Amino acid sequence: MLDIQALRNDLDQVAARLQARGYALDIAAFNRLEQERKTAQTQTQDLQAKRNTSSKQIGIAKSKGEDVSAILAEVAGLGEQLKANEARLADVQAELQSLLLNVPNLPHSSVPVGKSEADNVEVRKVGTPRRFDFEIKDHTDVGTPLGLDFDTGAKLSGARFTLMRGQIARLHRALAQYMLDVQTEQHGYTECYTPYLVNRETLVGTGQLPKFEEDLFRTKSLNTSLDFEDNELRDLQTAFQSGDFDDTLTRMSSWFDRQGGLYLIPTSEVTLTNTVRDEIVAAEALPIKLTAHTPCFRSEAGSYGRDTKGMIRQHQFDKVEMVQIVHPESSYDALEQMVGHAENILKALELPYRVVLLCTGDMGFGAAKTYDLEVWLPAQDTYREISSISNCEAFQARRLQARFRNAQGKPELLHTLNGSGLAVGRTLVAVLENYQQADGSVTIPTVLQPYMGGLQAIRA
């Protein structure tokens, strides 16, 4: 969340920086709410002052033996006005908060201005794509005989789910284990096991809510003790009996919402970053470096028709996440360090890749600056994203109220960073395609062979 003082002090400049990333700030709405807030705040302060003055007059009048009924009535009236005004002020502040929660982060000055991925800037390429002397297969054709089972995945759960069997399932596990070992043993991250289900406040803290609810999977906790209210049941029966099934579903959904429920995590960035929510950490404890291997769950609501075949875009996939929570002065050094941490995995696996600096129009909601790592997929003859690493500066920390004590002993907002180290499924895709052999087997990258019991290749 942006600092509201930045909007109050230089609204036009903030709006221009947001426009560079394709977001049109509703300046009129902000100005209207700010004026309403100022008016309500001034009136509240005036009423409080009047009530305090009148209250003092009661004591003075009583000491003189005077009738205080008129003053008591005035104080009571002021109290009612004050209560109404405080409620109005709270409503306006809630509207301002809602507006701010839907505004993306400001791009860093080093981020190239652009509208889409076409405007991203390639920073470097590492490795040379392999030359094949046989017809290249994509990962679905390579993997299916080896244990990738898309049909059973679809039977069990629907589109964009995969079942793995045998050695390919073992290879998937080996990749995740290797990534965790590198991040913890070589790069100094602390491994965490986190919940896969989180509450709404947790997702608001890292910026997925309220803006991206349609991208999430939400569970419904059917609390049987929470019955329909009389009018709810009557209206539901009326809607059902009339054949208005849209209205029936809407009313059922309203009841479900009252049950509470939790959300499946879209990434363990959510859980790892929220560990410092409402905390003031000691400066000497920084940087905090956390990692976790978790499944991730995404509805892919905006991806209809894209990457429908194979494992590139799944509703459920595994990822090893890196999170750093750092002093504000260190966050851009930490960003470059984290890019290196993700690169080291790709280098060890000997997979060709490139590093791309995202433009303003292609960055995620909470990012001030983002690098993507894209791995070479020979069957697609292109590079595809395998890691995205972002500095969110204080954007998440402000929502989380995650702070440290500065040199003056005062609480100051932390900076948070996150990135994939790496996406396990997409790394498996890259290994299958880059290490495929003419006989249909797949050579195991050298660094993974100890995790595969010394196996050098998998074959049908």
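Using the three backbone atoms N, Cα and C, a Cβ is placed for every residue, glycine included.
Summarising the annotation, TrEMBL assigns region 'Disordered' to 39-60. Residues or ranges marked as compositional bias 'Polar residues' in TrEMBL: 40-57. TrEMBL lists 75-102 with the feature coiled coil. Per TrEMBL, the feature domain 'Aminoacyl-transfer RNA synthetases class-II family profile' maps to 170-445. Among the features that TrEMBL reports, L-serine binding site is placed at Thr267, Ser268, Glu269, Arg298, Glu321, Asn418, Ser420. Residues or ranges marked as ATP binding site in TrEMBL: Arg298, Ser299, Glu300, Glu385, Ile386, Ser387, Ser388.
Here the features listed in TrEMBL are placed on the structure.
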{"residue": "Ser268", "record": "L-serine binding site", "contacts (Cβ under 8 Å, 6+ apart)": "Cys192, Thr194, Ala292, His293, Thr294, Cys296, Lys319, Glu321, Val323"}
{"residue": "Glu269", "record": "L-serine binding site", "contacts (Cβ under 8 Å, 6+ apart)": "Thr206, Glu321, Val323, Asn418"}
{"residue": "Arg298", "record": "L-serine binding site", "contacts (Cβ under 8 Å, 6+ apart)": "Asp215, Leu216, Phe217, Pro266, His315"}
{"residue": "Ser299", "record": "ATP binding site", "contacts (Cβ under 8 Å, 6+ apart)": "Glu214, Asp215, Leu216, Phe217, His315"}
{"residue": "Glu300", "record": "ATP binding site", "contacts (Cβ under 8 Å, 6+ apart)": "Arg160, Asp215, Arg313, His315"}
{"residue": "Glu385", "record": "ATP binding site", "contacts (Cβ under 8 Å, 6+ apart)": "Asp372, Leu373, Glu374, Arg426"}
{"residue": "Ile386", "record": "ATP binding site", "contacts (Cβ under 8 Å, 6+ apart)": "Leu346, Tyr353, Leu373, Glu374, Val375, Ser420, Leu422, Ala423, Arg426, Thr427, Ala430"}
{"residue": "Ser388", "record": "ATP binding site", "contacts (Cβ under 8 Å, 6+ apart)": "Gly364, Thr370, Tyr371, Asp372, Leu373, Gly419, Ser420"}
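Neighbour density for Ser420 (L-serine binding site): within 10 A of its CB lie 26 other CB atoms from the protein chains shown. Within 8 A of the CB centroid of the L-serine site residues Thr267, Ser268, Glu269, Arg298, Glu321, Asn418, Ser420, the other residues of that chain are Ile265, Pro266, Val270, Leu272, Thr294, Cys296, Lys319.
Those residues noted as binding L-serine (Thr267, Ser268, Glu269, Arg298, Glu321, Asn418, Ser420) have their most widely separated CA atoms at a distance of 18 Å. A gap of 12 Å separates the Cα atoms of Ser387 (ATP binding site) and Thr267 (L-serine binding site). Within the set of binding-site residues (Thr267, Ser387), the lowest number of other Cβ atoms found within 10 Å of a Cβ is recorded at Thr267. Residue counts for the region 'Disordered' (39-60) under DSSP, helix first, then strand, then coil, are 22 helix, 0 strand, 0 coil. Residues listed for ATP, Arg298, Ser299, Glu300, Glu385, Ile386, Ser387, Ser388, cover a largest CA to CA span of 19 Å.
In the predicted model, residues of the domain 'Aminoacyl-transfer RNA synthetases class-II family profile' (170-445) average a pLDDT of 92. In the three-state DSSP assignment, the secondary structure recorded for Glu269 (L-serine binding site) is helix. For Asn418 (L-serine binding site), the count of additional Cβ atoms within 10 Å of its Cβ stands at 28 [all protein chains shown]. A simple way to gauge crowding: the CB of Glu321 (L-serine binding site) has 29 other CB atoms within 10 angstroms, across all the protein chains here. Mapped onto three states, the DSSP output places Glu300 (ATP binding site) in coil.
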